[in-house]
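*Asks:* Take a look at this one; I'll ask things after.
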């Protein structure tokens, strides 16, 4: 099975572009060190595929966060990705989730938040109600409301050789182009026939040929997708310095050290009294980076 990659492609005879992504290794890394219920694992896979596809639509350096939150047993699920296709994600539960639970059963009364943060420029946030039955349907509504670009997402998750796998495709009318709705619907119907097993096991070019062998398609150089966490000891130290001396001293007196745990990658950062003394000395100048 090939490593995780995103492939962009363009239909020469239609004002429509597409993306195909596989995120198997990244998906498995996100699930490592977490004992999520099966339905939550599936949901995170869908969100990971969707975030990768959305991030690839960015025309600038920056990142996208796709977040689900509500009052159901799934309190929060979030995937963060950037223009380099570096992904991470986590979920937080506040109740039991049965196998096969639907999106609405997990989230309850909630919403989907898409946050776009350019490296240079203003942050943008869009909020979408959970009107669709799936993450893909909710995001299609987001595109229709925010960008008014006909967009379809085709997301597949499952198991292959005992491991969780996820992949998907995106079709979108090119901005400032007048694509015939019938043309877009025709391509969407072709894309909807893609089988999960094809996405999980076949090279991207073969999948695209099977779907569009009667169309003229240009496929661009692929981009690697990988799990990447941005936590660090210095970031944890900076966070500690936002606490009062009394709070820090009480934590050290109680446990002998402070254990800061990254929910995304599972790394533990330990700080004892000597570490705190050194951090306080450093923080008297500039914050750590």
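The backbone N, Cα and C atoms fix where each Cβ goes, and this holds for glycine too.
So Swiss-Prot lists these for the protein:
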type     : residues : note
DISULFID : 229-231  : disulfide bond
DISULFID : 262-265  : disulfide bond
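Can you tell me where each of these features sits in this structure?
*Replies:* Note on residue 229 (disulfide bond): other Cβ atoms within 10 Å of its Cβ, all shown chains, come to 18. According to its DSSP assignment, residue 229 (disulfide bond) is coil.
DSSP gives residue 262 (disulfide bond) a coil state; it is part of no helix or strand.
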*Asks:* Using Cβ atoms only, which residues of the same chain lie under 8 Å from residue 262 (disulfide bond) while being at least 6 residues apart in sequence?
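*Replies:* When sequence neighbours closer than 6 are ignored, residue 262 (disulfide bond) has 229, 231, 268, 269 within Cβ distance under 8 Å.
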